[in-house]
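What follows is a single structure, written as structure tokens, with notes after it.
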Amino acid sequence: MKEVVVDVAPKCIKGIEFGALSAKDIIAQSEVEVHTRDLYDLEKGRIPKDGGALDTKMGISSNANECATCHGNLASCHGHFGHIKLALPVFHVGYFKATIQVLQCICKNCSAVLLDEQTKRSFLNDLRRPHIDNLRRMKILKKLLEQCKKQRRCLNCNHVNGVVKKAASGAGPAALKIVHDTFRWIGKKATPEKDLWDKEFDEVFSRNPELEKFVKRIHDDLNPLKVLNLFKQISPSDCELLGIDSARGGRPEMYIWRYLPAPPVCIRPSVMMDAQSNEDDLTIKLTEIVWTSSLIKAGIEKGISINNLMEQWDYLQLSVAMYINSDSANPALLPSSGGGSKSSKPIRGFCQRLKGKQGRFRGNLSGKRVDFSGRTVISPDPNLKIDEVAVPDRVAKVLTYPEKCTRYNRKKLQKLILSGPNVHPGANYLLKQNESAKRNLRFGDRVKLAKNLHIGDVVERHIEDGDIVLFNRQPSLHRLSILSHYAKIRPWRTFRLNECVCTPYNADFDGDEMNIHVPQTEEARAEAINLMGVKNNLLTPKSGEPIIAATQDFITGSYLVSHKDSFFDRASLVQLLCMMSDADIQFDIPPPAIFKPVMLWTGKQVFSLLIKPNKKSNVVINLDAKNKTYTPPAKGFPNEMSPNDGFVIIRGSQILSGVMDKSTLGDGKKHSVFYTILRDYGPDEAANAMNRMAKLCARYLGNRGFSIGINDVIPGSDLKQKKELMVEQAYLKCDELIDLYNRGNLETQPGCNEEQTLEAKIGGLLSKVREEVGEICINELDSANAPLIMATCGSKGSTLNVSQMVAVVGQQIISGNRVPDGFQDRSLPHFTKNSKTPQSKGFVRNSFFSGLTPPEFLFHSISGREGLVDTAVKTAETGYMSRRLMKSLDDLSAQYDHTVRNSSNGIVQFTYGGDGLDPFDMEGDARPVNFVRQWDHAYNITFDIEDKGLLPYQIIELVDSILHPLEDRLVRYDNVGKIIPLEDSDKIEYIDQNDAEREFYQSIREFTTNKATKLAEIREKKMLKPFLTEPAEDFIRLDESDESLVAINQLSKVSANSINKFLEQCIYKYSRAKVEPGTAVGAIGAQSIGEPGTQMTLKTFHFAGVASMNVTLGVPRIKEIINASKVISTPIINSVLVNDDDEIAARVVKGRVEKTLLEDVAYFIEDVYKNNMAYLSIKIDLNTIEKLQLELNIESIAHSIANAPKLKILAGDVSVTGKDRINVLVTLREPKSINLMKNASADYKGTDASIVNSLFFRMQHLKRALPRICIKGLPDISRAVINIRDDGKKELLVEGYGLKEVMSTDGVVGTKTSTNHILEVFQVLGIEAARASIIGEIDYTMSKHGMSVDPRHIQLLGDVMTYKGEVLGITRFGLSKMRDSVLQLASFEKTTDHLFDASFYMKNDKIEGVSECIILGQTMNIGTGAFKLVNSFDVDKKALEMKPTLFEGMCEVSATA
């Protein structure tokens, strides 16, 4: 029976030590030696054979037998190990790499570590440091390995040591061989050992000259037997240097197989099928190993040829390797199991069972299947509250909750027991207090059981209305993909939810399925509803925007209700109010807007009642916001006079102007009605308003009727004509441009060639046509047109979709360009070759209503295909990216000391996000309070005609009197921890943890001072004293009756009450926004960056101001940044110029930076042969040099040629003739070529022919190489483009690497120059700059795609990548440098490598992080696990004092005696 997990168990795993079994351990734990290949004893009727791989001493795999060791059945016996004794030792494939490393560190003769005593001692001291962590230990061992590899001779026995490496493996038998190339270092130097070696071979060659050609490939073969003997000689202190802990029984020979453990039978069960059985891969491999081993043993006893023995040994080696890791051999080269054919599928070794998504780690430890869960299709139900979910009664009967019987609920539980399992509400099981087994209520006497129900018994009852359940939809991309709802049991077969809650789940009702989970303890229920409840998650932690809000039909309904021409008589009004309230709320109906001829109320009044139904409701909101389609009023008029009623003004919960559309009700807007209610009056009120809105809109829209049909998209004849005319005009303009292009007269744009310019211009023209036609189309359509209503209020689609249906579909774009040429020089065979016209390059002039022509249809489907492919590829890319982010950040949490630390207590940030505020509570622009809205709100709710208006200086004084005490509380400490007095604190440069709060108070002060200044200005305009400063005593007399004063009081009176209210709310909101200790800021940050990635487009380029300067954006860019890639697709250095107004100055700097090759400025290079010499003559084009503003003259070019690397031209051979000629003399003075000739023949006389030949080749070589010589600029930089910014200033965009060189170029402001290549920033400017660069780049990429992510999340990612002092990518390599936990790394990637590594170096995992705690089923120390609850006992202090021991007591007695 499953029991509830209890957190406070008496014993708790605090750490896991890894290690390997020695040969002794393997034999000690073994119950039987496996020595025969037979599995079954056929003579005794197919029972498992003794000593075979299925011996019953190792356990059983079916219920029919019983275990011969413990006599248990399948349920009670967990199995026992056996062992196989191998005839010869073999390498362990998991430790193969480590074995090679050990061999590289020791002498291959005497097994001593190849270091002198002093070095050994210093390394030992480093390794024995107390509290050294695994990361530092591994670094030390790596350094030691590097030093040992350099040592050529052993310092102990003076033996020569060469290179130890893995044999060049084809695959198969050679894969696990180690060779020792003894004389690799020696080369030609004579040493006695080498001479002896050569001598021996000479004797062999004299007998068999054929062998001579193999001499290069002769190595010393280190077979497992040799290695085993070497390892046995290693001393314990040397073991420690090799990273093996001999104090814990570690020895290097443990990592070579001599005895092989045979696992219990129950983990490799046989499948019986009528008189024959199917065996597990492991069993078959074990029998192969036993058989091969016995063959070798028999062969050694009989004395078989060495060739056969080695072959069998290799096969044994391979079998053992595949038993552990079946990837270790190439299946194509394996001897096949079934006679002639190749073995079909690779076997599943132990490693294959652990690794991968379905392996033990990810499939069964990090994530498991669970009980008490259900799954079915979802459908909408607007009559449910947003925090409810309708559960079908069939599901409710299966899912149960264990309720303990108390005196309060005994009667209820008795009723449920009587109902039984088939009637809802009922119960399925009963667990009596003193019994261990559950009673199934399907059977037995329920009446009797109900009577005997005692307090303390547990009844597993059906879930009922009001039970807390978790609701989830995959893919769970962020925290809000699983929320807690209250169950509502209903008939039918689907889960139902309010449509407002679709956004966080990203659910729609086209057949989506969702999962439900029922928490089984009171603690779990309390945590679920408080932390995951829908009401507590109306906002997204990504940016603090509302995510649960009105969608689709609700927005359309609200728009139609609140429209200017919506009027309702009393009957309709009352009906609407009942719809929104279930008829259980008292409504205070306001006076009607129209009295005669009949009383009518406006839709805005209905909506005002929705926000505040009656006087008892304390919701008073004040809001000013633009609608989605806001048309500004004529100049000088206030916003509310917008001609299309597009500006919402709400005062005291009364809607005065504007309509309700997506911007005021939808998600993602911080000036929406629900957000305002939530921030000022809490989530309950916001949820109530949302519930009323959902009920009202669904019913209203259903009664009114709202449909879309073909009639809605028929264009008028007028519209058709206008469209045709505009398209024709655009076609004519395009033809003119194409004509210019063909004649070569097209003026190019900066940084583009002619073709790019043509494409850019035509693209601009055609998109403009679509926009203009779209505008006309929208204006022509009737205001009651359904698609138009939806586009206007933002419930679905956009005006672009409407105009594509009605007027024109427009240009089809593929990867940011027009449709490319798919056939020879044309897009489709319907057009002529090299056609650039709009219709041949994907412009669709028809609308979807009029229908597309065949070529248009094809173009449209091409761009549709691109969208599909993009989506499919993107899903996989972003999914993997999110997983990596999550694994790297999952254990970061905010602590009680305000720092952000990881699970091993390493500090990542001193305060979260620099100010310790939670992104969830930000009101605007990542700030905790939206001052403007807060001021209006405070002003409106405290407004009293009797209040006296304050003078400007009084406002400033009042604010100071409230803020000063708060600021004085924030004391500063010096480095020793002493408090710094206030008067000295201004002189301090460094930041402390209270700086953010001081800044916040300062920003309040600035805002209020600004208000006071405005008031003073208004007073001055009305001819009154401004009073910005306090006047002298005798100037206090004021003329109260002044008309100006009355006017000012009406215009902008500021009362003491409203200032107090404003400050009180600002300070309250700031304190509420502080991040709570224990918050999993890392996990939330990872999701906040990963989740928007799924909405980004994949292949995105955008033009950084200049048409041809492409910058990678979207998912690939984010991937580059978080991988910390060394090579990125578009590295761009953005350099600010000293003289940024003058184009000539910019060109000069460009010439200094951009690589200029000789071929760019040379007319020609010709070869000249004369009788006595040959030279290359280069003519330089001085005009080009002048045009490009290059600082070059003929001498500097000659100098560059002479200094060109690799060409070896001597300076004396380069001469300048005239103004524009350079001659390069071609000689054979180059020392190398002469030496070659001398060596070629001993009697070198220097024949003429050979000299002429080599001269000719050198000439041709130089002729080819000279044009590519860089004569100016930085060799790594191929392009630089002058970009004109929006403010008219010029900057240089440089493509390529070389930040340091560009920064130090004359004419560039080095301090303002930056690059988008993170690693280069790190190398040039250091780690802080790299952190700032990571944050800036991710923020830039997100903002380009319109994603709002709070900067705190991005800062945290930047800090995680840099807090170790180097830039670590969010990959398995970066993660292994950040975290030391074996289980965390194993549950990420390369599972088995980490496990073998851990056991070789005997690592210790302390079980601190999230991944490890999940694997071991423990409470993690973040979130609600960040603290422990302690009970206080009333214990006398004396009782806790230490009592003297018996011995001490006797001493005291004797002393007194």
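Cβ atoms here come from the backbone N, Cα and C positions, even for glycine.
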Identity of the Zn(2+) 2-site residue among Cys67, Cys70, Cys148, Cys154 (reference: Cys107, Cys110, source: Swiss-Prot): Cys154
Which range of 854-866, 1010-1022, 1387-1399 is region 'Bridging helix', per Swiss-Prot: 854-866
DSSP-derived class (H/G/I helix, E/B strand, else coil) of Cys154 (Zn(2+) 2 binding site): coil
Secondary structure of Cys107 (Zn(2+) 2 binding site) (DSSP, helix/strand/coil): coil
Residues near Cys107 (Zn(2+) 2 binding site) in space but at least six apart in sequence (CB under 8 A): Val113, Leu114, Cys154, Asn156, Cys157, His159, Asn161
Alpha-carbon distance [Asp510 (Mg(2+) binding site); Cys110 (Zn(2+) 2 binding site)] in Å: 74
Rounded distance in angstrom between the Cα atoms of Asp508 (Mg(2+) binding site) and Cys77 (Zn(2+) 1 binding site): 49
Cα separation, Asp512 (Mg(2+) binding site) to Cys77 (Zn(2+) 1 binding site) (Å, whole number): 44
Env. residues of Zn(2+) 2 site, Cβ within 8 Å of mean position of Cys107, Cys110, Cys154 Cβ: Ile106, Lys108, Asn109, Ser111, Ala112, Leu114, Leu155, Asn156, Cys157, Asn158, His159, Asn161
Neighbours of Asp508, Asp510, Asp512 excl. site residues, C-beta within 8 Å of centre, Mg(2+): Ile378, Ala507, Phe509, Gly511
Per-region confidence, the region 'Bridging helix' (854-866) (mean pLDDT, whole number): 89
The region 'Bridging helix' (854-866) - residue tally per DSSP class, helix then strand then coil: 13 helix, 0 strand, 0 coil
Cβ-centroid neighbourhood (8 Å) of the Zn(2+) 1 site, Cys67, Cys70, Cys77, His80 excluded: Lys57, Met58, Gly59, Ile60, Ala68, Thr69, His71, Gly72, His78, Gly79
